[in-house]
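Q: For reference, TrEMBL lists these features for the protein:
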SIGNAL    1-15  signal peptide
ACT_SITE  His404  active site
ACT_SITE  Asp456  active site
ACT_SITE  Glu465  active site
REGION    514-537  region 'Disordered'
DOMAIN    539-619  domain 'Carbohydrate binding'
Amino acid sequence: MAPLLLLLCFSSALAGHDYNQALSKSILFFEAQRSGYLPHNQRVTWRANSGLNDGKASGVDLVGGYYDAGDNVKFGLPMAFTITMMSWSIIEYGKQMAQNGELGHAMEAIKWGTDYLIKAHPEPYVLYGEVGDGNTDHYCWQRPEDMTTDRHAYKIDPSNPGSDLAGETAAAMAAASIVFRRSNPAYSAELLRHAYQLFEFADKYRGKYDSSITVAQKYYRSVSGYNDELLWAAAWLYQASNNQYYLNYLGKNGDAMGGTGWAMTEFGWDVKYAGVQTLVAKFLMQGKAGMHAPVFERYHQKAEYFMCSLIGKGSRNVQKTPGGLIFRQRWNNMQFVTSASFLATIYSDYLTSSRGTLKCAAGNVAPSELLSFAKSQVDYLLGDNPRATSYMVGYGNNYPRQVHHRGSSIVSIKVNPTFVACRQGYATWYSRKASDPNVLTGAVVGGPDAYDNFADERDNYEQTEPATYNNAPLLGILARLAGGHSGYNQLLPVVAPVPKAVVSKPKPVAPIPKPVVTKPKPAPMPKLTPTPVKSSSPISIQQKMTASWNNKGKTYYRYSIIVTNKSYKTLKNLQLSISKLYGPLWGLTKSGNSYSFPSWINSLPAGKSLEFVYIHSTTPAVVSVSSYNLA
């Protein structure tokens, strides 16, 4: 019997993955992340309504949208990027999704996001970019349905601009307008109108959004600035409208804004250059460049640089684990895997459509090699790796069971409606060494480290926390791999397919209340637990209160800040910005308005940390990285 059993196991391994099943599950994950009034056809039944007063204190209806990851904050920048990438997935591979019967679900997932983004843009030059804040949210471990944390709404406007946030939201609206063009033309036109206004807002009033919405700095800091988002939005507006203004914008600003200059090895919610370069390369292959052909060719060269780096045939290649997975950082590395693999997938099809080859430093490469690379990354994610672990929850037999996710880790409110208090959640559910009571089906978690190691533990947020922007690019790749090659031309004009049937009753919409006058809230209590940094930066900053005491009726707090070099290079010339500091600080050298290493060290080796402390009588200071070098 033993040889027969071995043969059966081997045959099963050769059978490959069920990409259709993985696609269905990956779309289902978005329903678990929904905020607001859930619709009648909600399939993730352990969730219930939440965030029903969002925006109310600001006199605006901000009910709806998505929670970004394992917490209960609605962050505008990654949410908009998620919508853009889901839309791009349908624009390229909607035909395959329709064959799988998942196109309707995918479009509903996009509309859940765009409905919210429309609400968040109540005036041409006003955009709400965050509801809730990470500090108070991370202090609690509660179901979305129970949350008692502050739900303040933060916005950008001409006095407090945010070109990166407005630009990404414009891109999302424009891309989604293509998706709904045939099935819902009125809605498509509304989305495009918002996209036009948001692009003008982003371009006219320039600034980084996290300088205006400072509470986002610890979580979604815009390290790359806003030039990439302005080009990204212009590319999507051109694709959606065919308006020559946006093509000219790409041509005239490509050099000055870095579109033709930045040679990238990453693509994600912060850094969009590789995505811009891929889209502009498509326009060039379609013969649309016109007088801008020389500039577009430079974009094209940088797109190819990115693709060559992925397959290890460029002049600077991406790092990979021993098992072959792209590795960029310890914290939620899988976001870079899915985003890069999506670009490789579509670029492979662009080249095939134009009968071209990829020109790398190591020589010419067939388009099929790019698609094979993307497939290898998806197969690794689904279980073909040294640990034989699927990093998509609910797919396969061996997947993460203790996901860093509030909703999935706490018993459903429908099973036990007893209120879970802020800190009670940590004591009862967060520290519980058992499988999640609710399976977060389809969620793609952060994934393994640089050596393919993974610990399935709820407090291991670097590896076990999921995110919407991990899943969004994966929809397109899975649809492409499930559909095989259909012999169609990716460079032909985009015609978004119409789903066979999308049946959904209108969900209840909360009326927009009149502005209300509220008494000022007392200052929040200082955080007691480290605050994770969900940034693509190689430097993490964790802050916690370590002591407090009372002196002459006044309470003083001692705060500890730990700065960690997450990169694999030596950190030098670190400059920190510290605002809202009202007391003495130890462990850093002050130079002008910034702080640098103490006198006894001049660098921080890979993986090492530096601690400094300060004392004052109020809430934590705001600490961020101004500049640094990696050598």
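Every residue, even glycine, has its Cβ placed from backbone N, Cα and C.
On a predicted model such as this, the values are computed, not experimentally measured, just so you know.
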Q: To the nearest whole angstrom, state the Cα distance for the pair Glu465 (active site) and His404 (active site).
A: 5
Q: A 10 Å Cβ contact count, applied to the active-site residues Asp456, Glu465: which residue has the minimum?
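A: Per-residue Cβ counts within 10 Å for the active-site residues Asp456, Glu465 bottom out at Asp456.
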Q: Could you round the CA separation between Asp456 (active site) and His404 (active site) to a whole angstrom and send it over?
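A: It is 9 Å, counting Cα to Cα.
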Q: When DSSP states are grouped into helix, strand and coil, how many residues of the domain 'Carbohydrate binding' (539-619) land in each?
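A: Tallied per class, the domain 'Carbohydrate binding' (539-619) gives 0 helix, 52 strand, 29 coil.
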Q: What is the pLDDT of the domain 'Carbohydrate binding' (539-619) when averaged and given as a whole number?
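A: When the pLDDT values over the domain 'Carbohydrate binding' (539-619) are averaged, the result is 81.
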Q: Using Cβ-Cβ distances, find the residues under 8 Å from His404 (active site) that belong to the same chain and are at least 6 apart in sequence, listing them in sequence order.
A: Gly70, Val445, Arg458, Asp459, Asn460, Tyr461, Thr464, Glu465, Pro466
